[in-house]
Amino acid sequence: MRIVFDIGGSVLVPDDPDIDFIKAIAYELTKISEDHEVAVVVGGGKVARKYIKAAKTFTPNETFKDYIGIHITRANAMLLIAALGEKAYPFVVQDFRKAWEVIQLKKIPIMGGTHPGHTTDAVAALLAEYLQADLLIVVTNVDGVYDSDPRKNPNAKKLDRITVDQLVDIAMEGESKAGGSGVVDALAAKFIQRGKIRTYIVGKKDAYSLFDVIKGKHSGTVVEP
């Protein structure tokens, strides 16, 4: 299979880098790459949102703030590259054609953000579409898709299996400004819909066993194309 992994920045670096988690997913990604083609997109998470919030003091320019977030995602991507060692391409990949070339070299391409206005979820969905991936796995700090934000609604219900149309409807309720923190943003959901990409959305606990996740063994949400 060809698999794209979308690793949330807040999962990788909650406040400080989660060294044990980074080691664990580096091991899992290495193991998976022995039998499958793998590409990874890393988010900015809480650190990016802190920088974006601070920048609001100085500028109302959303595009400028997006660029700040992009730089943070690439710093997080470099951290994962370091953990993967020789298995990863040694530089942060910044376009999809290069990601394809790296895969042909039997290396794992690691990407961060690419363009203002696109979250790393959107980048991952576009990458999966470009690569014609069999599977997109989104690792986030929420253990799946809920019918409302579980961080705000204690009665929110987790959805084990949804259609991509349902994902778009749920995502449309989220915000689209720089630093938005929905499980999957609306633009990413629309790209998943357009690309007809089978997607698993899982939490950090499941991510410790990504080798099982790709087999469908997880407690997250399956998004059917």
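Note: Cβ is positioned from N, Cα and C throughout, glycine not excepted.
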Of Gly44, Gly144, residue recorded by Swiss-Prot at the UMP site of Asp66, Thr114, His115, Pro116, Gly117, His118, Thr119, Thr120: Gly44
Chain-mates of Gly44, Asp66, Thr114, His115, Pro116, Gly117, His118, Thr119, Thr120 with C-beta within 8 Å of site centroid, UMP: Gly69, Ile70, Gly113, Ala122, Val123
Close binding-site residues near Gly9 (ATP binding site), where close means Cα within 10 Å, chosen from Thr114, Pro116, His118: none
